[in-house]
Amino acid sequence: MSARPGLLARAEARLTREWQRRGALAWALTPFACAFGAIAALRRAAYARGWKARVDCGVPVVVVGNVTVGGTGKTPTVIALVDALRAAGFTPGVVSRGYGAKIVAPTAVTPASAPQQAGDEPLLIARRTLAPVWVCPDRVAAVRALKAAHPEVDVVVSDDGLQHYRLARAVEIVVFDHRLGGNGFLLPAGPLREPLSRRRDATLVNDPYSRALPPWPDTFALSLAPGDAWHLARPSRRKPLAQFAGERVLAAAGIGAPERFFATLRAAGVTPATRALPDHYAFATNPFVDDHFDAILITEKDAVKLGTSWRDARIWVVPVEAALDPRLIALVVEKLRGRTSA
């Protein structure tokens with residue numbers, strides 16, 4: 001049984017379901033999708049043909065993004081990629097748009113930054129990797145500011161920004177979840193920002209159901225595994241997920257694909273009631289105050305907006321680790337080193 005989600009979350013879930021099939025709504029929206037596709041194609045062509053100039057910031061950029069709307073697992077992928085690049089001998093930094101943050105100029109994000117000023121994903125990345133992280137809607141400005149502040153950085157990972165064509169990049173990685181391209185239609189008739197045929201260097205598929213990978217070139221499985229939960233008010237307290245099995249548990253997530261979080265918990269032996277909150281939910285007030293559960297499990301991305309000052313002793317945070325295929329890491333490293341030696 002699921003706890004009742006908010007109106008906005010239900011509307012998002014309904015639209016997501018519609019995007020998985022070619023129903024009446026999808027077909028009715030195809031004229032708008034055609035217009036969207038034409039505009040997007042013109043933007044891509046403008047940079048591909050040199051009508052508009054790409055900006056090389058003097059440091060190779062690896063873009064981790066998606067061609068679909070909604071969460072696919074980019075943030076844990078960025079964290080894992082930063083760790084892998086560091087292990088390969090690079091000194092990585094990260095740039096992001098800082099969704100929801102009040103930013104107009106390039107801004108550094110540290111583990112102590114406020115989520116309202118940094119954005120939840122950049123703050124989580126800064127805390128998990130301790131790498132230099134800068135945010136700005138203008139990715140070029142963000143990369144330049146990061147490089148000026150940290151000249152030792154020799155590769156920049158862009159958290160999203162696939163459609164920010166102005167920024168020159170050395171590697172593009174597109175991340176999908178189990179829904180892949182949905183009904184195959186462009187926005188607003190479907191979930192696609194760009195056609196599935198869009199060129200990229202590698203594809204990651206984050207499918208908790210472990211189905212066969214699509215037959216695309218350089219496609220790799222992305223595995224997300226949960227770690228022990230930690231207590232929001234007392235982070236030093238740890239608890240294996242299996243120990244929640246006999247408790248009344250609510251799982252809540254304000255991320256792009258909350259069902260993926262719920263599926264991860266079920267696979268670990270937890271059978272929670274579920275609440276899908278709107279993506280980037282602000283947690284201005286405690287949405288759990290009237291809920292009667294022994295424990296409430298939330299994502300790390302949501303936890304950065306709460307802090308340890310929240311007095312709800314039922315809240316536990318479930319961290320997620322991404323396991324990257326060694327062949328993907330080798331592909332990225334080869335392209336980066338080839339660019340450096342060119």
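Quick reminder: no glycine exception, Cβ is built from N, Cα and C everywhere.
If you check Swiss-Prot, you get these features:
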{"type": "BINDING", "residues": "Thr68, Val69, Gly70, Gly71, Thr72, Gly73, Lys74, Thr75", "note": "ATP binding site"}
Exercise. Three-state secondary structure of Thr68 (ATP binding site) from DSSP?
Worked result: strand
For this session: Sort out for me which one of Gly70, Gly71 has the most neighbouring CB atoms within 10 A, since those are the binding-site residues we care about.
Result: Gly71
Seminar exercise, completed: A correct count of other C-beta atoms within 10 Å of the C-beta of Gly73 (ATP binding site) gives 27
Exercise. Cβ within 8 Å of the ATP site's Cβ centroid: which residues qualify beyond Thr68, Val69, Gly70, Gly71, Thr72, Gly73, Lys74, Thr75?
Worked result: Asn66, Val175, Asp177, Gly256, Ala257
Exercise. If you skip the near sequence neighbours and keep only those at least six away, which residues in the chain come within under 8 angstroms of Thr72 (ATP binding site), Cβ to Cβ?
Worked result: Asn66, Val175, Phe176, Asp177, Asn206, Gly256, Ala257
For this session: Rank the binding-site residues Thr68, Thr75 by the number of other Cβ atoms within 10 Å of each Cβ, and give the residue at the low end.
Result: Thr68
Seminar exercise, completed: Smallest number of other CB atoms within 10 Å: among the binding-site residues Val69, Lys74, that is Val69
